[in-house]
Every structure is written in structure tokens, then in C-alpha cells.
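**Student:** Just passing along the structure, written as C-alpha cells.
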């Protein structure tokens with residue numbers, strides 16, 4: 001990046017003065033950075049920190065509610081996941097979009113099932129890359145409203161489908177485009193709005209809403225399964241209009257991202273946004289300090305010119321590593337195998353002899369939703385790295401039991417092996433499926449979004465998050481499409497495949513994912529600039545908070561062999 005930048009004039013002030021070397025470094029700026037402000041940055045930082053420490057918890061209610069409203073975008077995604085798993089087993093849906101057997105009953109072939117379930121993910125991948133640009137151009141709020149409208153268009157096409165499966169298929173692609181944009185813009189707006197000490201928890205609310213949507217989707221399927229007509233699936237789809245209207249209305253009360261406003265030179269609006277989210281006046285030291293930090297960071301990024309897609313590979317500091325990390329984390333989140341249960345949970349538990357597999361899916365949904373509340377605590381108390389690592393260990397253990405019981409005691413081709421089939425074994429598998437979902441919901445489910453939302457500088461954030469999210473959707477498509485074929489071929493041995501992925505994920509997180517707990521987005525950038533080793537990153541301290549004896553070199557090198565460094 002360039003070591004020079006132009007003078008910046010702060011709104012509401014006609015004076016300029018230079019910031020000394022230490023102050024410039026604190027702001028993440030080059031030494032000759034000039035800013036417009038009445039107070040020295042050192043004094044502002046001290047005053048702002050004192051103000052924040054004295055703020056009662058109730059002062060964060062408004063910004064928390066705003067972030068929860070934005071996180072409701074996750075509910076839209078979860079609702080689709082929870083309902084589609086039931087649709088593919090409902091009689092009216094099978095009659096309209098399936099194929100007829102010789103006995104007059106209807107079924108969905110593996111190909112058609114895979115396409116209907118998984119094509120949504122392809123739409124999401126494209127929407128995440130293409131439609132998320134609306135947020136960079138017109139703002140995060142306008143971007144979210146736009147993609148919600150696209151989502152509704154897709155829902156209308158699905159509801160209007162009568163007996164042509166490809167019409168329903170097209171509707172799922174279009175609704176996927178909208179949800180793909182939501183999955184990028186929602187965590188992005190939350191991470192840019194939330195106070196740093198609450199950011200992990202509030203970004204995790206996005207995953208909480210996903211689990212809430214999955215749970216209510218399961219419940220709605222259970223409530224409509226006894227109907228014999230299109231009420232079975234059209235009512236759950238029709239409820240999507242209510243969710244869309246609720247979110248659009250909510251966007252009217254959510255302040256725009258201050259970082260976006262500063263980037264588009266709307267300084268006064270940024271000041272108002274910061275004041276609104278912090279529940280203070282626009283002249284408060286907290287607003288002045290946060291605005292100055294954002295300005296200095298963005299001015300530095302603008303000095304290097306507009307970000308290109310190629311900068312995700314060639315950019316500094318460590319942009320290729322950070323881009324690859326986002327792709328890997330989002331890919332591995334899918335390779336945990338969660339959608340194996342969520343997309344096909346009803347089908348799976350039919351195969352193990354459960355009397356009402358819809359009820360079993362509701363149990364999984366309850367565990368998933370309840371566990372995510374625990375994640376709101378763990379993400380900011382145990383750190384991102386530790387949660388991901390512990391999650392890998394827990395899920396590996398669950399898959400060992402789940403798959404081993406499945407391949408030794410249960411056979412999907414039950415009549416061929418009636419002597420070794422066991423309903424008790426099926427119950428055991430459900431228990432460990434619940435343990436697995438607890439491990440997933442408290443670790444990888446929310447933290448994957450937290451990690452990518454706070455790993456990139458603003459200049460490339462939209463593009464980097466879009467690429468990372470696209471990798472998640474592509475793997476979601478592959479798992480959703482091929483799961484019917486794989487389970488038909490290897491049955492419950494499939495669990496060992498996901499177990500192997502989690503073993504790989506453990507080592508990847510340990511060696512390549514740094515700890516970002518408690519850091520501002522600008523401080524994360526500074527950590528990457530200093531080349532801190534990921535397994536030592538939890539000990540890293542930003543330059544603005546270091547003592548005289550702080551040794552950053554010790555965090556950049558490790559003389560121990562890798563296997564000792566892990567212990």
C-alpha cells in the first residue's frame with residue numbers, strides 16, 4: 001500500500017493538524033497522515049474507552065435489536081432448509097412433481113430430489129457474488145431490501161407451480177439468488193454496526209436465526225403433513241411473504257453502516273449513524289474517536305485505488321491467505337455434514353424405522369435452536385479458534401458412534417437383514433445425531449460467519465465475503481445433490497466421510513486461522529500485517545495497547561516442531 005495519502009477534512013471542522021507517529025500507528029495509518037479534528041487521537045481514545053466502560057448494559061439494547069433485525073435474514077435461509085426436507089416426502093408434492101410407480105404411488109428419483117433440494121445453493125452462490133455488489137454501491141440496507149424482493153419473486157414462482165417440476169426448480173434458483181445476497185450482506189452489516197466487544201455475539205445471532213427458521217420450518221411441515229392437497233407445501237411457502245415484509249419494514253429502523261457512509265464521503269450521515277448505534281450525541285468522544293479510526297482506515301485503503309478481484313490474491317497484507325482461509329472455513333462448515341441431517345433428516349430417520357420421522361426432525365430442530373443460544377456465550381468468551389477446534393473434536397466423536405452403529409446394526413435395505421436390525425440402535429443414532437448438532441450449533445455454525453465477517457479490510461470485504469459464501473453454497477449444492485446417490489451406495493458409511501473432513505478441519509484451523517476475539521476490524525488488519533503465527537495469535541496485542549516490554553517477534557516465529565507446538 002502507498003505510504004502517502006491526501007489530507008482529510010472532517011465534517012463540521014475547518015481546522016487541520018498532523019498526528020504524531022505513535023498516534024498515526026494507532027489509527028492504522030502511515031506516519032504522515034493528516035486528519036481534521038479538535039482533539040488529539042490519544043486523548044480521544046482514552047476518553048472514548050472511559051465512556052464505553054461506564055455505559056450501562058441497557059445502552060446497548062438499541063444496537064443489539066438492530067443487529068438482531070438484520071440477522072433475521074438468516075431466518076429466511078433456515079426456513080427454506082427446514083421446509084424443503086419435508087416437501088420431498090409429502091404426498092401432494094410427490095404427486096405433482098414426482099414420477100408414478102406401477103402401483104400408482106409417486107416418488108422423486110435421486111436426480112430430481114437432488115436437483116430440487118440443492119439447486120437453491122447454486123442460486124445462492126451466484127447471488128452472493130453478483131447481488132452483494134448492490135451493498136457496496138447503494139448501501140447495506142438498500143442491498144438487503146433488493147435481495148429480499150428477488151427472494152419473494154422466486155417464492156411466487158414456486159407457489160404458482162402446478163405440476164411441472166422444472167417450474168418449481170426455476171423458482172428455487174431465483175429465491176436462492178436472493179438468499180445468497182442476504183447471507184453476504186446481513187453478517188457484513190452486523191459486523192460493521194456492532195460494538196467490538198459484542199460483535200461475535202451479534203454476528204452469531206445470524207446463525208441463531210437460521211436455526212430458528214429451520215425449527216419453525218420443521219414444525220410447519222409437521223402441522224401440514226396430514227392434509228392431502230397443496231396446503232402441505234404451499235402454506236409454508238406462503239408464510240415467506242410475512243418474513244419478507246417483516247424484514248423490509250425492519251430495515252427502515254436500522255442505521256446504515258458508518259463504514260459504508262464514510263467510504264462514500266457521507267461524513268455527517270456516518271456521524272449520525274455512530275451516534276444512533278452508541279446512544280450518544282454526535283459530539284460525543286466515542287463518535288469522534290470511532291469516526292476518526294474509520295476515516296483513517298478508509299483513507300489508507302482509498303490511497304491504493306479501487307479494489308479488483310485480483311487483489312484478493314495479490315493484495316497486502318496476506319490477502320491471498322485470508323481469502324483462502326475464508327473459502328476453506330465456509331467449505332469446511334458444509335463438510336461438517338450438517339445438511340446431511342437438515343436436508344434429508346426426514347428421509348434418514350424413515351430409513352432407521354422411526355414411526356414419525358417428522359417428529360424426529362422437530363427434535364433435531366429444537367436441539368439446533370437451543371444450542372445456538374449457548375453459542376452466543378462461547379463465541380466471545382472462549383474465542384473463535386478454540387470453539388472451532390473443540391467443535392471438530394466433538395463432531396468426530398459423534399460421527400464415529402453414529403456411523404459405526406449405522407453400518408453394524410441398521411440396514412436401509414431392512415428386509416434383507418431383519419435379523420440384525422434394531423430400533424434401539426436407531427434411537428442411539430438419533431441421540432448422537434443430537435449430540436452432533438449440539439457440537440455444530442455451538443461452534444462451526446455461527447463462528448464460520450463471525451470469522452469471515454471480521455477477517456477482511458473494508459476495501460475488499462464485499463468481494464472476499466462473496467467468494468467465501470459462494471464456496472459454502474457450492475459445497476452445499478454438491479452435498480445436497482449427491483447425498484441421495486451416496487447414501488444409496490454406501491449407506492451409513494457416509495458418516496465416516498464427514499468424520500475425515502473434520503479431522504482435516506482440526507489441523508487446518510490450528511495452523512491457519514488466527515484468533516480475532518476482541519479486536520476491531522482495523523486491528524485484525526494490523527495483526528496480519530505483522531505476520532503473527534495463528535497458534536500464537538491469542539497472545540497478540542494491538543500496537544495501541546502494548547507495553548514497553550511487549551515482544552511481537554516472539555509471535556512471528558516458533559522454534560518448536562509442529563507436533564510440540566500443538567501441545
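Including glycine, each Cβ sits where the backbone N, Cα and C put it.
Summarising the annotation, Swiss-Prot assigns region 'Disordered' to 1-36. Among the features that Swiss-Prot reports, compositional bias 'Polar residues' is placed at 1-24. Residues annotated as topological domain 'Cytoplasmic' in Swiss-Prot: 18-62, 135-141, 189-199, 380-386, 451-466, 515-567 (among others). Sequence annotations record features per position, and here Swiss-Prot assigns transmembrane segment to 63-83, 114-134, 142-162, 168-188, 200-220, 235-255, 335-354, 359-379, 387-407, 430-450, 467-487, 494-514. The topological domain 'Extracellular' annotation in Swiss-Prot covers 84-113, 163-167, 221-234, 355-358, 408-429, 488-493. Taken from Swiss-Prot, the feature N-linked glycosylation site covers 89.
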**Student:** So, does the transmembrane segment (114-134) come close enough to the transmembrane segment (467-487) to give 3+ Cβ pairs below 8 Å, pairs being at least 6 apart in sequence?
**Tutor:** yes
**Student:** State, in range form, which of 63-83, 142-162, 235-255, 387-407, 430-450 has the highest count of Cβ pairs under 8 Å to the transmembrane segment (168-188).
**Tutor:** 142-162
**Student:** May I ask you to report the DSSP-based helix, strand or coil state of the residue listed as 'N-linked glycosylation site'?
**Tutor:** coil
**Student:** Cβ pairs under 8 Å with the transmembrane segment (63-83): which stretch of 114-134, 200-220, 387-407, 430-450, 494-514 has the most?
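**Tutor:** Result: 200-220.
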**Student:** So, by DSSP, how many helix, strand and coil residues make up the topological domain 'Extracellular' (221-234)?
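**Tutor:** Breakdown, helix to coil: 8 helix, 0 strand, 6 coil.
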**Student:** Return yes if the transmembrane segment (494-514) and the transmembrane segment (387-407) have at least 3 CB pairs under 8 Å (sequence gap of 6 or more), otherwise no.
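**Tutor:** Yes, the transmembrane segment (494-514) and the transmembrane segment (387-407) are in contact.
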**Student:** Using a Cβ cut-off of under 8 Å, list the residues of the same chain at least 6 residues beyond the topological domain 'Cytoplasmic' (189-199) that approach it.
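**Tutor:** Long-range Cβ neighbours of the topological domain 'Cytoplasmic' (189-199): 52, 60, 63-64, 66-67, 70-71, 135, 140-141, 144, 205-206, 254-255, 257-260, 277-278, 380, 450, 453-454, 458, 518-521.
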**Student:** By DSSP assignment, list the helix, strand and coil residue numbers for the topological domain 'Cytoplasmic' (189-199), in that order.
**Tutor:** 6 helix, 0 strand, 5 coil
**Student:** Under 8 Å between C-beta atoms and at least six residues away from its ends: which parts of the chain pack against the topological domain 'Extracellular' (221-234)?
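**Tutor:** The answer is 82-83, 85-87, 90-93, 96, 159, 346, 358-359, 361-362.
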**Student:** With Cβ-Cβ distances below 8 Å as the criterion, list the same-chain residues six or more beyond the ends of the topological domain 'Extracellular' (163-167) that contact it, or say none.
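**Tutor:** Non-local partners: 96-98, 112, 116, 157.
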**Student:** Take a look at 114-134, 142-162, 200-220, 359-379, 387-407 and tell me which one has the most Cβ pairs under 8 Å to the transmembrane segment (235-255).
**Tutor:** 142-162
**Student:** Including all protein chains displayed, how many Cβ atoms other than that of the residue listed as 'N-linked glycosylation site' lie within 10 Å of its Cβ?
**Tutor:** 20
**Student:** Out of 114-134, 142-162, 359-379, 387-407, 430-450, which stretch touches the transmembrane segment (200-220) the most, going by CB pairs under 8 Å?
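**Tutor:** If we count Cβ pairs closer than 8 Å to the transmembrane segment (200-220), 359-379 scores highest.
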**Student:** Going along the chain, which residues at least six beyond the ends of the transmembrane segment (114-134) come within the CB cut-off of under 8 Å?
**Tutor:** 80, 84-85, 88, 97, 108, 142-143, 146-147, 150, 154, 165, 168-169, 172-181, 183-185, 188, 343-344, 462, 465-467, 469-470, 473-474, 476-485
**Student:** For the topological domain 'Cytoplasmic' (451-466), give me same-chain residues lying six or more residues beyond its boundaries with a C-beta closer than 8 angstroms to one of its C-beta atoms, as numbers and ranges.
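**Tutor:** That would be 128-129, 132-133, 135-136, 184, 187-188, 190-192, 199, 203, 259, 263, 297-298, 301-302, 304, 307, 309, 311-312, 315, 319, 322-323, 325-326, 329-330, 384, 388, 513, 516, 519, 521, 524-525.
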